[in-house]
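Please read the structure below before turning to the comments.
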Amino acid sequence: MASPNKKQHTNSDTWLIVGLGNPGDKYANTRHNVGRMVIGELLDRQVPAASLNTHKKTNTDIAEVKIAGRKVVLAQPRTFMNVSGGPVQQLAAFFKIPAENIIVAYDDLEGDPGAVKLRQSGGDKGHNGLKSITKSLGTKDYWRLSCGIGRPPGRMDPAAYVLKPFPKSEAAEVAIMCADAADEVERTLGVGN
């Protein structure tokens, strides 16, 4: 750990974009994996399309890409959602990325279905993945990219709801939401400016 009197060297030109979710095919198309879907959209936009590779030191799948001329690390932790903080902190340390250059895409139960909102800093809104990241980074000063999935119907348990796959009838809406989220990342990094 760095001495409080010494400023840690950071690479402020590099950004870390993290897509939260759970690993494995069982969870691939669930509401809880929307963050991972956003990373997939960003990968597909690379020319040629980029792919993830395992970064063994951090137990994370990553791709190093350029967006708007900036070096960007796209990442999907290989851990379950609730313990995402460790890999995110390790990646930030490995690449020397400050918290203010980290964007975390996640599923938002409180957000209207399909709504995308980017905000810097703030609370975790009860999201265990964000809680883990805040605890591991020791700060709230990272960006949150919420992807609205809405509340569960009736009395359905929210934990069961987020682990259900999106129905085929919502596929187009999910694709649009992921595209909107990727657009928001690109705007933040300077695409179109």
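Glycine too: its Cβ is placed from the backbone N, Cα and C atoms.
Listed in Swiss-Prot for this protein:
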ACT_SITE  His32  active site, proton acceptor
BINDING   Tyr27, Phe80, Asn82, Asn128  tRNA binding site
SITE      Asn22  site 'Discriminates between blocked and unblocked aminoacyl-tRNA'
SITE      Asp107  site 'Stabilizes the basic form of H active site to accept a proton'
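When Cβ neighbours within 10 Å are tallied across all protein chains shown, the highest count among the recorded positions Asn22, Asn128 belongs to Asn22. When the Cα positions of Tyr27, Phe80, Asn82, Asn128 are compared pair by pair, the longest gap among these tRNA-binding residues is 17 Å. Among the recorded positions His32, Asn82, Asn128, the ones whose Cα sits within 10 Å of the Cα of Asp107 (site 'Stabilizes the basic form of H active site to accept a proton') are His32. On the backbone, the CA of Asn22 (site 'Discriminates between blocked and unblocked aminoacyl-tRNA') and the CA of Asn82 (tRNA binding site) stand 9 Å apart. The Cβ of Tyr27 (tRNA binding site) has Gly21, Asn33, Leu163 as same-chain neighbours under 8 Å, each 6 or more residues away in sequence.
Other than the site residues Tyr27, Phe80, Asn82, Asn128, same-chain residues with C-beta atoms no more than 8 angstroms from the centre of those residues' C-beta atoms, the tRNA site, are Gly21, Asn22, His32, Thr79, Met81, Val83, Ser84, Gly129.
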